[in-house]
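According to TrEMBL, the protein carries these features:
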DOMAIN    1-298  domain 'Amino acid transporter transmembrane'
TRANSMEM  20-44  transmembrane segment
TRANSMEM  110-131  transmembrane segment
TRANSMEM  151-172  transmembrane segment
TRANSMEM  215-235  transmembrane segment
TRANSMEM  241-261  transmembrane segment
TRANSMEM  273-299  transmembrane segment
Amino acid sequence: MIMFGIAEIAFSQIPDFDQIWWLSIVAAVMSFTYSSIGLALGVAKVVAAGGFKGSLTGISIGTVTQTQKIWRSFQALGDIAFAYSYSIILIEIQDTLKSPPSESKTMKKATLVSIAVTTAFYILCGCMGYAAFGDLAPGNLLTGFGFYNPFWLLDIANVAIVVHLVGAYQVYCQPLFAFTEKWAAQKWPHSDFITKEIKIPIPGCSPYSLNLFRLVWRSAFVVATTVISMLLPFFNDVVGILGAFGFWPLTVYFPIEMYIVQKKIPKWSTRWICLQMLSVACLIISIAAAAGSIAGVVLDLKVYHPFKTSY
């Protein structure tokens, strides 16, 4: 985690979101790589076992209690919600597109394709992973040591995960970095610490613009998130919490309200009622996901010692 944090400090100094397009492409390729490996290994294990493990109703009562099964089901909703909480970077991506065609048309097509592809991969990996291991399926098939052979293929998949997460971290954090720096520049426009750009010559490349505020603020943010990650290394629980808190307001509520205003949909009309019902349903799912994920963290903390890993 410390090595990951050091790498992110370096990549975080890339000034603008549109300058990390190459990192985003690399991350996407890595995502397909480890997902495909996990899917292929799951299929191979099912074939080798001669059938599917598990059941349609999920993990058996006895392996976990009824209450634990309910909490885990709610937590799973948060994990799924996190996978689709990309709206916070949607506008940032759209701002980097060139027209014609119009940015909105390009984004609609890109969103449709990306949702279809990722959903297909998620369903296949989830179903085949459960079919391969049944009640003993780990939360993360690759890093949870669900597969032991072949080692070289597992190593490739784990490297792909690391590279993907390095890129994904930047894609999600760059808009936050830019927002904070823009706010600080407007608040203190005459501060050299915040606004001054120092040109550093790089042989064979264009000069790098060093901003002291950007260096300190972004480095401090990465250090803080790294320390929190080391204190709370509960992957599924934390992902569920982030998904629960980010999904409804950013992915559902605000887009629906903006759509209603833009299209001037009359209050209490059939379309308005349907949209509100969708929003309320997603709110209920988010609340349930948050409850399940928080319960998972509480249970994990009972047996966890900070900065120590048990095997």
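Cβ atoms are placed via backbone N, Cα and C, with glycine included.
Automatic prediction, not curation, is the source of TrEMBL annotations.
A contact between the transmembrane segment (20-44) and the transmembrane segment (151-172) is present, since 3 or more of their C-beta pairs, 6 or more residues apart, lie under 8 Å. Within the same chain, residues 77-88, 272, 275-276, 278-279, 282-283, 285-287, 289-290, 293-294, 297 sit at least 6 positions outside the transmembrane segment (241-261) and bring their C-beta atoms closer than 8 Å to a C-beta of that stretch.
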